[in-house]
Amino acid sequence: MKTSATDLELAIQMDEAARVAHELRLKRDRQNRNGRILKHIFLIIVSCVMLYPLFWLLASSFKPENEIFGSLTLWPSEFRFENYTKGWYALPISFTVFYVNSAIVTGLSVIGNLVSCSFAAYAFARLSFTGRSFFFALMMMTLMIPYHVVLIPQYVQFLNLGWVDTYLPLVVPRFLASDAFFIFLMVQFFRQLPRELDEAAMIDGCSPFKIYWAIILPLSLPAMGTAAIFSLIWVWEDFLAPLIYLNDIKSYTVPLALRLFLDQEGQSAYGQMFAMSVLSLVPVVIFFVLFQKLIVRGIATSGMK
Amino acid sequence: MKRFFARNAPAYVFLLPWLIGFFLLALGPILASLYLSFTRYDMVSAPRWIGWGNYEYMFTRDRRFWKALEVTFTYVALAVPARLIMALGVAMLLDKGLRTIGLYRAIFYLPSLLGASIAIAILWRQLFAADGVVNQVLAMVGIQGASWITDPDTSLYTLVVLAMWQFGSPMLIFLAGLRGIPRDLYEAAEIDGTPGWRQFTRITLPLLAPVIFFNLVLQTIDSFKTFSSAFIISNGTGAPADSLLFYTVYLFNEAFKFFRMGYASALAWFLLVIIATFTAIAFFTSKYWVHYENERD
């Protein structure tokens, strides 16, 4: 009797415990769901605040001049497409030239970065040679050096070579792996590839170049893609180097051209200035949307800006 | 000797572009700018050795140098923590309990990609203008906003806000770091009834310390180098009243507007020293507050 009473008690207790646990779980789920909804609301508000300036810029680029200031609305009362058509020709030289210039500089720079940085990264990550860790440390140290420190001697150097007002000072350094960030990014990636591949290829008599070209590169397309996209965006937006090296308006890149609008501020062509600003961001946004995954992964693994 | 050559030759061939670049574009210029920093050099006549003259002037008589330091350090001290706190906060919101974060992640990251562009600097000038968007919003809640950009007391804050707006890349790095924290730690804490903020200080912060450290170093170095946005927003001069005289803007003007190349080189070298010092401090103190996971206490 006694045992069955305790059994019964135990059963009741267990039942009670199960009920409490169930209720707790329900409560937690409820809390979680409420928490999730709150989080979403908060994140949506933050998203709107973050995006508002961009949408305001876009809207203003279509607005009539008198509607740009003193207005928060994201919908122009009438669409002024001529902000774009007039803005394109608002400077002494048309934006066609600036875009061609920017495309030349960016295209060559991206190629330079990919070739020279992947060469260096391959040596650092896959080949053993005397002085490897020493040079690797040097390379990592160059990441820290501000561009401003090397700027003046570089300028003097390029001036003496007669390279000022050409694209050479912007492009040639990229063929000499001056953006060491990409070496670092690629080294990280190359190191993860299985060593056995190189060894097997070596036994088969492949040269180091063959291994680089036929094994490492094809397997590293994600890393190369990340490097290509980042160098494309950074070179496209680059301002300081073009500002120093390009004096002739015919050789200006897009960011330099945008700055000219500011000098003419008195003439109040805000709509046109905004229109051209929007256009300058379009390639970046397109590349971001298309290659978002590569970009996100690239930052997470290498910690780039 | 022959074998030594055969073993190393292929690697050095691959390394050649970088090696040339390293000597001609990094090491050479750094040493050259050290030399120039002890000279007076206007690019017309040859550099003239003046010993410590530039540094003496810089530290003892140049008010604008001190102003530039003040502006830059204030900016770094405000912008870096603001950006990192924002990044960590949003990363933690995204990390737990939400199923789809892809779109948020993309939206929050986009400004980091655009933020360095001239277009955004131009936009910022208008947002914070006297009749700009920010003051419109403030007027709706009955606040009379300042003329943010042209008032020396507030102009720097517009750039701090711009820095905060670009919290996306440290956020992504924090997210990757948060993913690495084992979930069962939080579950165990939950069962023990540990309150949320305590979970944050006892689990999240210590385990995230290496990532925080990494972000801190990166963002600090980056903030010292801020140039384009400050240059555009201040009309290239550091105006109003030198309140936007970032160190890099001052250096640029000394070098390429007034062609005081020797003095600008001294400024450049001091910038290198500042950044190197900060990096060194971060690395040498890191062992006291950063514990890596595979390390035993």
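Each Cβ is built from the backbone N, Cα and C atoms, and glycine gets one as well.
Please treat TrEMBL annotations as automatic predictions, because they have not gone through curation.
Annotation comment: TrEMBL describes B:69-282 as domain 'ABC transmembrane type-1'.
Under the heading transmembrane segment, TrEMBL lists B:12-38 (among others).
What TrEMBL records for B:73-94 (among others) is transmembrane segment.
Under 8 Å from some Cβ of the transmembrane segment (B:106-124) lie the Cβ atoms of residues 90, 158, 162, 165-169, 171-172, 228-229, 231-233, all in the same chain and six or more residues away from its ends. The transmembrane segment feature in TrEMBL is assigned to B:106-124 (among others).
Sequence-distant contacts of the transmembrane segment (B:156-178) (same chain, at least 6 residues past either end, Cβ-Cβ under 8 Å): 71, 74-75, 78-80, 82-84, 86-88, 90-92, 94-95, 105, 108-113, 115, 120, 124, 128, 148-149, 204, 208, 210-212, 214-215, 218-219, 223, 226, 229-230, 233, 243-244. For B:156-178 (among others), the entry in TrEMBL reads transmembrane segment.
The transmembrane segment annotation in TrEMBL covers B:199-218 (among others). Long-range neighbours of the transmembrane segment (B:199-218) within the same chain, counting only residues 6 or more positions beyond its ends whose Cβ lies under 8 Å from a Cβ of the stretch, are 80, 84, 87-88, 92, 170, 173-174, 176-178, 180-181, 185-186, 189-190, 278-279, 282-283, 286, 289-293.
Among the features that TrEMBL reports, transmembrane segment is placed at B:230-252 (among others). For the transmembrane segment (B:230-252), the residues of the chain that approach it from at least six positions outside its boundaries are 64-65, 67-69, 71-72, 75, 118, 121-122, 124-125, 149-153, 155-156, 158-159, 224, 264, 267-268, 271, judged by C-beta separation under 8 angstroms.
TrEMBL lists B:264-284 (among others) with the feature transmembrane segment.
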